[in-house]
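Annotation comment: Swiss-Prot describes C220, C291, C298, C301 as Zn(2+) binding site, evidence class sequence analysis.
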Amino acid sequence: MAERTNLMFHNKVIGGTAIKRLISRLIDHFGMAYTSHILDQVKTLGFRQATATSISLGIDDLLTIPSKGWLVRDAEHQNLILEKQHHYGNVHAVEKLRQSIEIWYATSEYFRQEMNPNFRMTDPFNPVHIMSFSGARGNASQVHQLVGMRGLMSDPQGQMIDLPIQSNLREGLSLTEYIISCYGARKGVVDTAVRTSDAGYLTRRLVEVVQHIVIRRTDCGTIRGISVNTQNEMMPESTWTQTLIGRVLADDIYRGSRCIAVRNQDIGIGLFNQFKTFQTQPISIRTPFTCRNTSWICRLCYGQSPTQGHLVELGEAVGIIAGQSIGEPGTQLTLRTFHTGGVFTGGTAEQVRAPYNGKIKFNEDLVHPTRTRHGHPAFLCYIDLYVSIENGDIIHNVTIPPKSFLLVQNNQYVKSEQVIAEILAGTYTFNFKEKVRKHVYSDLEGEMHWSTNVYHASEFKYSNVHILPKTSHLWILSGKSDRSGSVSFSTRKDQDQLNIHSLSTGERDICNHLASNNKIRHKLFHFNPSEKKERRISDYSIINQIICIDHCHFTHPAIFHDTTDLLAKRRRNRFIIPFQFQSIQERDKALMLASSISIEIPINGLFRRNSIFAYFDDPQYRTQSSGITKYRTIDINYILKKEDFVIEYPGVKEFKTKYQMKVDQFFFIPEEVYILPEFSSIMVRNNSIVEVDTPITVNIRSQVSGLVRLEKKKKKIQLKIFSGNIYFPGEMDKISRHSAMLIPPRTVKKNSKGSKKKMKNWIYAQWITITKKKYFVLVRPVILYEIADRIKLIKFFSQDMLQERDNLELQVINYILSGNGKSIRGISNTSIQLVRTCLVLNWDQDKKVSSIEKGHASFVELSINGLVRYFLKIALVKSHISYIRKRNDPSGSRFILDNESDWTNINPFFSMNSREKVQQSLSQNHGTIHMLLNRNDKCRSLIILSSSNCFQIRSFHDGKYYKEEMNPIQRDPLIPIKNSLGPLGIALQVANLDFYLLITHNQISINKNGQLDKLKETFQVFKYYLIDENERIYKPDISSNILLNPFYLNWHFFHHNSCEKKTFPIISLGQFICENVCIVQMKNAPHLKSGQILTVQMDSVGIRSANPYLATPGTTVHGHYGEILSEGDILVTFIYQKSRSGDITQGLPKVEQVLEVRSIDSISINLEKRVGTWNGRITRILGIPWGFFISAELTIAQSRISLVNQIQKVYRSQGVHIHNRHIEIIVRQITSKVLVSEDGMSNVFLPGELIGLLRAERAGRSLEESICYRVLLLGITKTSLNTQSFISEASFQETARVLSKAALRGRIDWLKGLKENVVLGGMMPVGTGFKRIIYRSKQRQYNKITSETKKRIDMIYQSNLGFKNS
């Protein structure tokens, strides 16, 4: 032992990690015995000091932090601001939840950090401070709950409760806080009990897998190894230090030409430092993966003993050590949650703060605007971003790492300690993520609207589930619905105002028809004439109510006369249109067939190219029976069917197609089909012949006579009855036995005598085989259908629609609804449509409009003189261009506009179903103007819809409008009603509610952007009027502060002395505005509540109250556009990723999933494609046999390494370090089984048998032939039940089954493992028992050698004796 004078004296606090290092160095220098003596002295000293101190804990020792009060008030203030932002629609529910969690978590963490300095300054000898911060008893989390704040709690499902406990246990809890605390404490107790048992069971299974693995040899002679690259910068030093130290080299290591380490040399600290200093080549080491022994491991493949620092001894039970090394930390780490009582734990992002005041500068081209997880605007940098902060002559540079958020703008002035960036969490910390669904419930009863197009969720094709493609607001417009049994038509129109006092003239029902999901909800006002004294309604205190009839637009039935059958009924957004007719007979016929023609509008109002716009089901192509369709020609074109295409998501386009046959004829082969349950009692046999009305089951009778065919399909029985004649063919007939064929009309021989018979119709000959020698041909009747020519189809549709030739093309096409040879099964009492006549929408694909991807369909509703007309508008639109406001542009920051800027209209197409085009002078009738904006500067179109329901498109040439004479015609009030498209509802923005009248022949000047030049000068020549809902006419003065812009149908506000170049807030009718938005630029302007603008008058704006809900892309929307939602209904569902709690109890299930080989994450869609690409490349480089061999080898090795890394990530995230050797032994066992395939190994093993991988390779080498097997990844439970010892299997699980199978198979247990020897009371083959076994085997071998030697001596002696005798 060294002299005391040579020892150094250290006076510092020592932790657990430092004690481990000290003990390791003591063992190296002094050995095991003297080290234990030193540690005993340390232990005795510790107990002596603890006894002398005699610390006791009282309630007065719990000192609360002085700064707690203002910290809690600051957190509450931040949450109040967050709540307002959420109410304004600037932050959605998930962002609000995240920010709320981080606010309270940061406050709680600040308390935790302040505890130690507070105790150190105020009371350094406080018992709580001494015990907890020295590690003697308790930890910082428990003391934090005693003197800080209890904080956020978890509910029984593990989710965070949004209400934090602000009190600590010293102050006492309120009733609400106590209940929330009990939630978390109960969860903590249950989790502790359950997860401790889970960890124990995991340890048992791990030991079960590897209990037989013992060190039995010194060297297995393998030349394989795993390469470790010491120059890998992505791997931290601690990781590959642990990977290399204690291993054995599989190959020599050279530095230049000098060998610095040889094969089979173990790596110590000194050799490892040489590798680190010299930066050598990749190092090949031996691992348990590379050992060639089947049931045990050699010393060199295992490496150094973890306890003694030299090569492991023979007989060491390394398998049990490995199982306990992995399982025991899980058991211990569950104890971490014992006393924290379910307190929620999480992490926050690391922040970068400015060191001093200054102006910040960075390269704007390297960042991209985005939103943080809290909903704040920020910039995302993909690479290292260099940010400089300038303050006079001082320049400070900061490097922002990739994937971080920059929270400030370029050239912005920042203050000292201001947060300028948030850095992503460390790359090597393993955070568990789980997908969480967050439902947002409506807190207002009313009508749903959204301000962007939404997509149908593909898995819910016809439901009310939609998916948002981009960030937008969802609105709930306030309104109440009174469900009543009676429904009556109203004489009022949509959006009309009505006075309650006007209802007192008699009994009258005024209904609010709200159509959604084919249900009608309405508001009912009921007055009884007998109650004349009480002229008030107690339920409705508001004087003026607005009727909202949604998109169905019911009008008074007296107006429609006998054409009310043409009213559209919503049927998955398909709408009925009437025919063209000239006479009463044609009109009556059209009314009968009106239900057959439908216009199909998608939910979001968007058409793709070659979409079906309208279709007509002709009754002559209908059938009541099931059957098969056959085409006469096979010329197939594809046509897009909107019902069948899958919505395109970002980066994914997937379409399904229907067949459209360019055929004149097709065939239908009728048959009777029944699908019966498997247990049905069928009264007919297969291949039997039945007559009409023959009972098939108890409740079913046959409708036709013919041959019965039975077939079983997926637990059901399919019964078909084929009508026709049976024909027994001769040997020379040329009908194929394996197929059926159509035979055209022709003359055939009836019998061998030569008589002939002429077939008039087509027949279908089908070969029926009963047995191998019994067969016949069934001749079935065929129905021939001829498809009408295109010219005959045009009469069904309006000529105006087909004559549009500018950009849009409408084609009339027939297509067959089923494929060639497809069977059609009908439903009882319903007809099957075979051919559909459709109108296909297309547009020119030229260079100018190459970006056009969609057509936007909308309906324009106009009401003139009490008549409602609907016009269909199809506007070609370019793909969505997200508008991002410039960062330095102050406009738009105070006002939220609607989504009109997203659309780029290109020559919209208007069509109207009228008998003839009518022209009428503008001077005689006032007309309603609807302006169309074109991108073509030379031609601008005005569409003028006059009160006589005729329309006319005029053009502006060079920005001027010229007067033309038009011939007036007589008006027929019934024509517009019969020829209107009907009340068609569609999911669109709210239509403009006011009407604009234009009486002018003066010039209108328009600039290039479609705006009005010189607003005041332009409006002086406009003679326009405003009609409000009460039909009062206003004529605004030019000097007023409101102007009408007819090009956008918006309103401009400005003042008398304002500059013309000044930007004005714009109000659109139907526009949504958020709360606290100022729409008038003047002092003391009112701040409005959120809602939708309904009316704009001279001195007031009418706003319907509404609540906005912000939603992000991918959010699921529940409900249709315009649907009525009650308070508390699910509005949207957010799917977001949340970090799990920070203890091992959340990680253990992941470890168990890996070890039991259950899928953790979703499998990549392109996995099969990637594997195929890899195999192709390797085969191309190395050739076919070597390519597949190396691919298989690399797959096995890489899967093993990947499993080891997955398990290590879980434990390293908790600060637990387990040596890779232990995990490698476990993974070696669960990846060492192969499944024998049916090809090749029938001589040695049975197909489907599980054998060891090394055993299969040895069998292949001994047989000198290729062996086919498939490598399996078995879980630890299945591996324990597939060992060489049936005694070990029976003692683990399913004892009776294992022993029964072992007895039937005659299995032999060689008692090589520990467990089977313990069960039978034998000597365990480990430790000292292993030496006895080795001694016995040597003694047995010696006895065998001596016996053989004696035999040979006797034989020699006898032979010599016989030779002498001879």
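Every residue, even glycine, has its Cβ placed from backbone N, Cα and C.
Taking the features listed in Swiss-Prot, we show where each one sits on the structure.
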| residue | record | CB count, 10 Å |
| --- | --- | --- |
| C220 | Zn(2+) binding site | 17 |
| C291 | Zn(2+) binding site | 25 |
| C298 | Zn(2+) binding site | 22 |
| C301 | Zn(2+) binding site | 27 |
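Other residues of the same chain near the Zn(2+) site, with their Cβ within 8 Å of the Cβ centroid of C220, C291, C298, C301, are R217, D219, T222, R286, P288, T290, R292, N293, I297, R299, L300, Y302. A helical conformation is recorded for C301 (Zn(2+) binding site) in the three-state DSSP classification.
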